[in-house]
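Data first, discussion second: the structure below is written as structure tokens.
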């Protein structure tokens, strides 16, 4: 079962939803990078459960502990291990799931593939696994800040159950995003979006939507041709997230409806810098960043656990009715925002280190 992501900067996440804890081992982090538990904690706090009435009411502080890889507040260049204790695990709430497959969860597929599964909250398939990603992204972000200090990664909720926030990706700010519990940057229709979630919650249901992300201050040259294209690695990163079902960059599927004359991004000179007048490419051409804003969208399905009766089957093949129990998000989107940002940073720092290695090679050996 693969649990590692990255090439030069690698994370390996571990732990189960209702086990003793979850965490991450980070390998490939350069030495002498300032790093504290507070750097990690501020990102975990944005992801943790129980933040508001529209997130799961599981009460976890998600306190990060660095167990290895630092000394006197600096990275050593050795593996960094980060641990978060599960403080509010309630495995007994899932006793019924030992014999029943939850619809649209990983219960059946894990059992069919491995012949065993952790039925207490889904184990590794739980979104609690993303704590390791966010912690790893916090460390990756510190390295990225050192290599390319002008890079800024901002994600936000842009759509809830068909309702769009209608904000300008090029001008949205961190303050706009963090101004409300939904991480919805448009105050004008925030109330309508919240009502959509609350309506589903009252009916024992859930809703999905879209998280958008923009990266400003991108350098030219991140990404590798063919199989390690920047957008390909971003797609893998985002589609590996729990509940994610779609990824598009730049024009995305809209580009299929355009002509080449409409879709091409004309070049022009801004001083001594090559720029593009439009950005349908989303900041990537040939799998390599072109210096424009990196812009993409991630679609998330409705949370699969709902408080309504559903038809399913038992492990013995008997058709049964299930009303799910447990504490779950009516909408995963606000907590997905920092996770999307973390995975973006992990992809970028990995490619940044690869690019720095290339830049060590002289352009000419004459």
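Backbone N, Cα and C define each Cβ position, glycine as well.
Annotation comment: Swiss-Prot describes 47 as NADP(+) binding site. Swiss-Prot lists 124, 125, 126, 286, 301, 302, 303, 304, 305, 327 with the feature FMN binding site.
Close to residue 301 (FMN binding site) in the fold, though at least 6 residues off in sequence, lie 104, 208, 243, 244, 245, each with a CB less than 8 Å from its CB. DSSP assigns residue 301 (FMN binding site) to coil, not to a helix or a strand. Once Cβ contacts within 10 Å are tallied over all protein chains shown, the binding-site residues 47, 124 are led by 47.
Rounded to a whole number, the C-alpha distance linking residue 126 (FMN binding site) with the residue listed as 'NADP(+) binding site' is 14 angstrom. In this structure the alpha carbons, written CA, of residue 305 (FMN binding site) and residue 47 (NADP(+) binding site) are 19 Å apart. Cα of residue 47 (NADP(+) binding site) to Cα of residue 124 (FMN binding site): a span of 17 Å.
There are 20 other CB atoms within 10 A of the CB of residue 126 (FMN binding site), with all protein chains counted.
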